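Colleague: So Swiss-Prot lists these for the protein:
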- 2-494: region 'Monooxygenase domain' (REGION)
- Cys97, Glu116, Lys117, Arg118, Arg123, Asn124, Asn125, Phe183, Tyr298, Asp398: FAD binding site (BINDING)
- 658-704: region 'Disordered' (REGION)
- 762-824: domain 'LIM zinc-binding' (DOMAIN)
- Cys764, Cys767, His785, Cys788: Zn(2+) 1 binding site (BINDING)
- Cys791, Cys794, Cys814, His817: Zn(2+) 2 binding site (BINDING)
- 826-887: region 'Disordered' (REGION)
- Thr887: phosphothreonine (MOD_RES)
- 906-1295: region 'Disordered' (REGION)
- Thr1252: phosphothreonine (MOD_RES)
- 1316-1550: region 'Disordered' (REGION)
- Thr1317: phosphothreonine (MOD_RES)
- 1394-1406: compositional bias 'Low complexity' (COMPBIAS)
- Thr1425: phosphothreonine (MOD_RES)
- 1564-1782: region 'Disordered' (REGION)
- 1594-1611: compositional bias 'Low complexity' (COMPBIAS)
- 1633-1653: compositional bias 'Low complexity' (COMPBIAS)
Amino acid sequence: MEESKNEATNRAHVLFDRFVQATTCKGTLKAFQELCDHLELKPKDHRSFYHKLKSKLNYWKAKALWAKLDKRGSHKDYKKGKVCTNTKCLIIGAGPCGLRTAIDLSLLGAKVVVIEKRDAFSRNNVLHLWPFTIHDLRGLGAKKFYGKFCAGAIDHISIRQLQLILLKVALILGIEIHVNVEFRGLVEPPEDQENERIGWRALVHPKTHPVSEYEFEVIIGGDGRRNTLEGFRRKEFRGKLAIAITANFINRNTTAEAKVEEISGVAFIFNQKFFQELREATGIDLENIVYYKDDTHYFVMTAKKQSLLDKGVILHDYADTELLLSRENVDQEALLSYAREAADFSTQQQLPSLDFAINHYGQPDVAMFDFTCMYASENAALVREHNGHQLLVALVGDSLLEPFWPMGTGIARGFLAAMDSAWMVRSWSLGTSPLEVLAERESIYRLLPQTTPENVSKNFSQYSIDPVTRYPNVNVNFLRPSQVRHLYDTGDTKDVHLEMENLVNSRTTPKLARNESVARSSKLLGWCQRQTDGYAGVNVTDLTMSWKSGLALCAIIHRYRPDLIDFDSLDEQNVEKNNQLAFDIAEKELGISPIMTGREMASVGEPDKLSMVMYLTQFYEMFKDSLPSRDASDLNAEERAVLIASTKSPISFLSKLGQTISRKRSPKDKKEKDLDGAGKRRKTSQSEEEDTPRGHRGARPTLVSTLTDRRMDVALGNQNKVKYMATQLLAKFEENAPPQSVGVRRQGSIKKEFPQNLGGSDTCYFCQKRVYVMERLSAEGKFFHRSCFKCEHCATTLRLSAYAYALEDGKFYCKPHYCYRLSGPAQRKRPAGVPLSGKEARGPLQDSPAADASGRPSTSASPAERSPGPSVNGLEEPSVAKRLRGTPERIELENYRLSVRQAEGLEEVPEETQAEHNLSSVLDTGTEEDAASSSSESEMEEEEPPLPTSDLGGVPWKEAVRIHALLRGKSEEELEASRSFGAGEEEEEDEEDEEEEEEEEDEEDEEEDEDESSEVGSPRRLQQLLNPADPLEIQADVHWTHIRESQEERAALAPKSPLPGVPFDEDDLERDVDSEPAEIKGEAAENGDAGDTGAELDDDQHWSDDVPSEANTELHLPAVGAELELRVSDGEEEPPPASVGHPERGPSRVSSPTRSPEEPTGLSSPARSPGAQSAHPPLAAVATGVRSPAESPLPEPSTPPAEPEAHPPIRSQPEARTPPSPASPQRPSPPTQLPICSQPQPSPEATVPSPTLSPIRSQPVPARTSTPLAPLPVKNQGVTKDTLGSSLPGDEALKRSDLVAEFWMKSAEIRRSLGLTPVHRSPGSELAFQSPPLKACPAEKAPQSEGLRLLKPPPVPRKLGLPAAEGAQPCPPTPVSPPDREPKGPREEHRDLSSSSGLGLQGSSSRTRTPGSQSFNTSDSTMLTPPSSPPPPPPDEEPATLHRKPALAGQLVASAPPPPAVCVRPPREPTQPPQEEARKSFVESVDEIPFADDVEDTYDDNTCDDRTEDSSLQETFFTPPSHWPHPKQPLAPENGRGPESAVPLQKRGLPLVSAEAKELAAERMRAREKSVRSQALRDAMARQLSRMKEMDIAAAAPRTPRTPAPRRATAVPPKGPEEPAPRHEATSEELLSPPSDSGGPDGSVTSSEGSSGKSKKRSSLFSPRRSKKEKKPKGEGRPLERPSPGTLEEAAAKPRSLWKSVFSGYRKDKKKSDGRSCPSTPSSGTTVDAGKPRASPVSRAELRTRRQLSCSEDSDLSSDDVLERTSQKSRKEPRTYTEEELNAKLTRRVQKAARRQAKQEELKRLHRAQIIQRQLEQVEEKQRQLEERGVAVEKALRGEAGMGKKDDPKLMQEWFKLVQEKNAMVRYESELMIFARELELEDRQSRLQQELRERMAVEDHLKTEEELAEEKRILNEMLEVVEQRDALVALLEEQRLREKEEDKDLEAAMLSKGFSLHWS
């Protein structure tokens, strides 16, 4: 009996495993049915099914899943599943959104039935996931079903895989799922309800299916079709012809493939060079491209029609898009070749083999879609009531809102809509009236199209079906029930239509009326008369002859801008001159394009009335609300400047920035609405295009622009100061603006007259055809059609805001090709360009049907494109029915199905065959299951990227079909079993943990590592993108180059590194330990261990962009000198987070505290490398336990111990190397890794990073300069502080000189770290370097670490448990390091820290990450800021904190609460209030930390607790490292050990520290796991810690002061509070962010993090876990932070942060915090980081490892699980990890985190570019429609339509209306171009930084004069870019402020007019 019972139980477990591991739809259903049969369960009983299943399946793997589902189901909104118990729901379509909706309805207790037309999931296409979707799916147990789910930095998943996950969850919850059932319609309730009470039913096929008998109260359409459910009207969004191509290639999961960098998205507007190179090399012309590595290699791109025609993909050019893309008109072989060529080029030919995966027809999986038109449903739901039965009908997914695929919004908005629909059903079931239900649903739906990852709520753990938890400012009662009555269908369709018409009219009539009042010619004439009244010789009586003399125009301009025209000097007789003067000034100063020339005006008898109306209307709209100058004669100078600014056009502003723009003032309100992230702004612009029926849409822009402009102008009064400042800056910028743009743009003004050889303004300059007023554009005195305005070289359509004009030949070019003008046209000249699309080709257009009535080609699109026509319903298209029926992909799939069946008679290939062919390697290796298993396993997996490839993998699909029989023969269960066999054990461990959040995060991290291991490829991916992508230049280009150079340098330097032997040992160790041979091999093999890592690091750096570079620089800096230190610290105040850079700091410290911060930045570079590390951090996390991911940012020190797990260490080590090789050189500096572990090595590390750093630095430099960089150089304790303090004030002055000095110093330091003779800029640095480079670093670090220790001793008590151990161990090291340090002196002490920075790096890296991330965020865009609420402040605060530590510390603390610990340290300044503020900040940061890190935070915090204190203290000391020689004793115990370690490592060698480090790591891991065991515990601890920190800060103040007195003399008072604060902070952070504060390394992290930014610190420290998971990006940020330079960069790149604010509203705070924090944060942060990490990298690593283990155990794993893992790890990984290895691990983690952060940043920037691109296309299409209507009206008015000339008032009224709309579109376009310009500058800045980094990697004495001059040139150019961005941001900010007050009224007005939706 017992045996049979056990057998049955085991059988159930096997069946459950088979179900979980099933990889096909049918296999899943079959496995589930078998499980239910075995357990004797019947899914029909939906209410109790799940509970019965749970009770009968007592399996530890299942329990982890039950725990997750129980947690989700226990949410109060579901009311224990009793809300909808009597509600029956039918969901059409088992796609991701349909299944997600079903799950929520099931949790509400409803009876849910899902019907799916097919029985196979065959879509390999990849979906981008927003952070909240990842969190949501994790909560549903996604990782239990798919172990690789979003591991590491992965943020995407294939549709097939996502469907499988959701299908399994749905089945477990008792949802009925029927496949092969097609919905055909609704069956109304019969009229005879007396005999049979039958409700609503579904008509399905097959008709006899049981579902046809079901009755439903709710039906939800989620099948992606547009017409499945009737009654939903659709809004059409039409852009330019958009042809999308998707391609899936087989992914064999080889090492080579793993190394290929993903392309998260590249848009033409974002990276033109890449696409131009692609076109020149292959003839392929794309708008954008995305590459995701998933089950397949997935590519999706938007191709230009002409390119497809040229390449023979499309055979004939048709106007109708359906004909154009029909199978008969497409050459499939050419299409395959086209897709393969594009994929090959975009990945830099690095994918070894591009074999197509097969679709479900056995054909290559390549498809082409028409995305020209996209639709959104006007409503989300409606109610039908027939014969007494009500039916709630709703839409979700693509059926509701079609996404623009490059935006990656589809699945996220689909999930949001699914939750909103569930909430609606809940309200419905609770008895709410139908109209109220609909009103609430529509109120919520209006927000959906505006959602972005930045403007949804950030507290993902609070998400529920309640909209309030997801939308920050939702008003669920926005619409009244009476406003949705038309959605209540009672069967009387007549009434419904009448109601709808009334509603539409009520919405649009007011707007039209207003437009009419504005448009009346009498009103315009009256306004002109008032403006010209009193001017001599001016008498305006009409809109024609009165203006001929030109005086009236000049009078209007003079009235508002008397500074532009000397009216009294004008001669009334000189008509031509007067008019030309007015035209030129209006274009140049006001952005109003001329409609004719002065000569033309003088030559005509009577000016053309239509042209004059068009022209004067622009003046009216610009000045109507402005105050005439005469009335302002009594204004003071400032107010007058404000007035001038108010009439300045953004376009003219842009042109002065080197952008040739000639347009009207920008539609500020739309600009922000569209791009800001803020829903409101978006709404407005959106409303134009989508809210109401197309008929009224035209008027909308007018309303929007009118309202906006008026309010904007009215609000000018007090908000113009910013604009005034921007105007003031213009003069400077005009001098600095890129010569090309300036020259190019203004050249035209010289020659404004209309060319004599042409007819005039009514003749096109290009095609010589008639140009009507409405379609007329002018530039450089030429008039032309919009469609004729193309680049002479490449035929790309130009915009007035971005072109280059060659005066010598009168030709126009796109900016990238302006330099080709002398070399003649390229192979593809304009003729080829015509291909762009029939619509775009000027001359060739005529042949296409696009030519319009006027006989000229249609301006906008080729006939094909136009065919869709403006009609809302698409009636003009033959394919209307199809278009209304399905989405682009569905139409293509259906066409494909029909054509394939007809032509080839192919049948569908079974899902199993398809999966076997496409995913053979994955299936064979059981990767999915294994990955999911456990963190250790994940790590292993991660480290073994190469997976065995299946024999079938490369087999052609036909061959696969042949094997079909065999495949079928093998049951899916067997396949799954074999697949998951490997995953079994480890997976079990993982799942046992159940609460695998941390575990998952670990896995994620590990997998991310894997990913990132591929990211070694990652760097390459970037390279691929970046190199080819100079277009990608924004982020990639520079970085790639840098990476390569760095790698080469590394290869050369590796031997030179101070500890070449050590580095190599570390590499070897890493290899040995690493269970990821692939990664290691790749790294080692490719670059001699260093090379590959270098690539990885580079990648990370690239991703992190600025941060890693800074970190690297910092590393180099230590060797550099005080001078360098000054610069570095200024720029690298943020670097402090780069505690990794401590080694650098050490030397720097010696030179100058400021410097040291920069050095940390150097370490930061590793932190950035953390991009790589971030990939590795997961491994560390696994090793560490849950912590590694989160830890990676702060607990990195622990992480190394955690990393002791075989994989983590290996990862870490490579990562460490990678960090060292942020610049390629780093790789060769395995010693660099050692530096992470040992102090000497940091030098090399620094060296490598330095190159990277310099570019980064250069960018941050300005900010740093602002911060007391100079003081940092003082490097001496007192001086540093004071200097820092003063530095802030001297921000501007310091900027350039500091930058230059910083670069020199960096360069020297880099050389040192590389092992070359560094240029000693300061005795300190020389001293540090005197000892072996490592030793020098240790020496400098040593004193610092001592100081830190002094500070730390108090923290140690707090840490007690861990701290005690940590402290004890550190103590021995401390003694050692103290001696070293003492001899070395404070500087050397710092250096010691530097060398220990390896460890410190770990800790630092985590902390660094925070700053890095912050910095990264800042630099990339505010968008990054959102991920970490603290970041916005941190960016500013980070710098402030660092600088502040010396001088602003106190202040900054208050300003930047998030990084209180850091702040606390910075407050070392004597000011006590600042200290208090710091304390407060700390508390706040602590509180924020838990929030930011969520569970992960808690975990990290616990782990870090001990260390946090220390690290905080250390950090505090760090700022004034020079002052801290004495503190070294206190620090010695905890941090001292780090220093001792560092020194001993340097002196004794890694071995001594190695054992200790291991032990410490193990202890720390355990402690952390324990502390993080439960989220609640963590949160509580975090809160307690924050309180304790405050108290401690107060208490510690006294303690700390004494220790830091010597060095910190200046900052001693703040230091006191700071010290205590750091401890408390450390304590809190330990709980919240153990990595940073808890260990020496952690401490360093904390300090750097703290310094980099409170928010960041918070995130990183408190998000050990979060770092791993949701915060991983933040963690990355930290690694980035580590390159605090990134933070500095933020400060330096204020424009970036400002830009961010433009989008996310962080600008104000950021500015404030930036100003303050930048200065102090870099130096203090850097100093602290350097000292602490250096203190005892190894021991800390060990402690950290222990803590990580304990933390991860607590949070995710059961203690047993953790122990099991630990033992496994022990067996797997030789416990002989040396400090180097541990450091390498940490470094890798840091790199991964940085890489991850950078990737997110790039993705956000990409999305911004794509938003702009898409909106520009919308504007272009709308302008084309307006032009067509305008031409028709103009012809009628002129009598050209064969009707004779008419002066019909109605026609004139229509003309006025069209003119207004066009003006609105012009303004809107100019706004978009400003945003595009900002992106361009951001990109340029990024590239320059990278180039500078690379150059700084070479020692100055090895450079030629030319090279040195080039460095200076690059620096100057970068400063110019920063200034331009500042000015742009100031302009945007001013506009934002002006709109702030109007927003509420404007939003209300717009919404009331129907402008509520803006979808893209």
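Start at 1 and count along the chain as shown; that gives each residue its number.
Every residue gets a Cβ built from N, Cα and C, even glycine.
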Colleague: I'd like to know which of these binding-site residues, Cys794, Cys814, is least surrounded, judged by other CB atoms within 10 A.
Modeller: Cys814
Colleague: Among the binding-site residues Cys97, Asn125, whose Cβ has the fewest other Cβ atoms within 10 Å?
Modeller: Asn125
Colleague: For the FAD site as recorded (Cys97, Glu116, Lys117, Arg118, Arg123, Asn124, Asn125, Phe183, Tyr298, Asp398), determine the largest distance between any two Cα atoms, in Å, rounded to the nearest integer.
Modeller: 31
Colleague: If you count CB neighbours within 10 Å, which one among the binding-site residues Cys767, Cys788, Cys791 has the smallest count?
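Modeller: Result for the binding-site residues Cys767, Cys788, Cys791: minimum number of other Cβ atoms within 10 Å at Cys767.
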Colleague: Which secondary structure state does DSSP assign to His817 (Zn(2+) 2 binding site), in the simple three-class scheme?
Modeller: helix
Colleague: How big is the Cα-to-Cα gap, in Å, between Cys794 (Zn(2+) 2 binding site) and Asn125 (FAD binding site)?
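Modeller: Taking the Cα atoms only, Cys794 (Zn(2+) 2 binding site) lies 32 Å from Asn125 (FAD binding site).
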Colleague: Give the three-state DSSP assignment (helix, strand or coil) for Lys117 (FAD binding site).
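Modeller: Assignment for Lys117 (FAD binding site) reads coil.
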Colleague: Please report the three-state DSSP label of Cys791 (Zn(2+) 2 binding site).
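Modeller: Note: Cys791 (Zn(2+) 2 binding site) is coil by DSSP, not helix or strand.
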Colleague: Quick one: of the binding-site residues Cys764, Cys767, His785, which has its CA closest to the CA of Asn125 (FAD binding site)?
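Modeller: Of all the candidates listed, His785 is nearest in space.
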Colleague: Any idea what the Cα distance is from Lys117 (FAD binding site) over to Cys788 (Zn(2+) 1 binding site), rounded to a whole Å?
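Modeller: Lys117 (FAD binding site) and Cys788 (Zn(2+) 1 binding site) have their Cα atoms 48 Å apart.
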Colleague: Taking each of the binding-site residues Arg123, His785 in turn and counting other Cβ atoms within 10 Å of its Cβ, which one has the fewest?
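Modeller: Relative to the other binding-site residues in Arg123, His785, Arg123 has the fewest Cβ atoms within 10 Å.
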Colleague: If you count the C-beta atoms lying within 10 Å of each candidate's C-beta, which of the binding-site residues Lys117, His817 ends up with the smallest number?
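Modeller: Selected from the binding-site residues Lys117, His817 on minimum Cβ neighbours within 10 Å: Lys117.
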Colleague: Let me know the DSSP-derived helix, strand or coil state of Arg123 (FAD binding site), please.
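Modeller: It is coil.
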Colleague: Rounded to the nearest Å, what's the C-alpha distance separating Tyr298 (FAD binding site) and His785 (Zn(2+) 1 binding site)? Just drop the number here, would you?
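Modeller: Rounded to the nearest whole number, the Cα-Cα distance is 39 Å.
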Colleague: If you measure Cys767 (Zn(2+) 1 binding site) to Cys814 (Zn(2+) 2 binding site) at Cα, how many Å is it?
Modeller: 19
Colleague: Find the one among the binding-site residues Cys97, Arg123, Cys764, Cys788 whose C-alpha lies closest to that of His817 (Zn(2+) 2 binding site).
Modeller: Cys788
Colleague: Of the binding-site residues listed here (Cys97, Arg123, Cys791, Cys814), which is spatially closest to His785 (Zn(2+) 1 binding site) when Cα positions are compared?
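Modeller: Of the binding-site residues Cys97, Arg123, Cys791, Cys814, Cys791 has its Cα closest to that of His785 (Zn(2+) 1 binding site).
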Colleague: According to DSSP, does Cys97 (FAD binding site) fall in a helix, a strand, or coil?
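Modeller: Cys97 (FAD binding site) sits in a helix per DSSP.
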Colleague: Over all shown protein chains, what is the count of other CB atoms within 10 A of the CB belonging to Cys764 (Zn(2+) 1 binding site)?
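Modeller: So the number of other Cβ atoms within 10 Å of Cys764 (Zn(2+) 1 binding site) is 23.
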Colleague: Give the number of CB atoms, excluding that of Tyr298 (FAD binding site) itself, located within 10 Å of its CB.
Modeller: 25
Colleague: Can you tell me how far the Cα of Cys97 (FAD binding site) sits from the Cα of Cys788 (Zn(2+) 1 binding site), in Å?
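Modeller: About 44 Å separates the two Cα atoms.
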Colleague: Need the DSSP three-state call for Cys764 (Zn(2+) 1 binding site) to compare against my parser.
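Modeller: Once the DSSP labels are grouped into three classes, Cys764 (Zn(2+) 1 binding site) ends up as coil.
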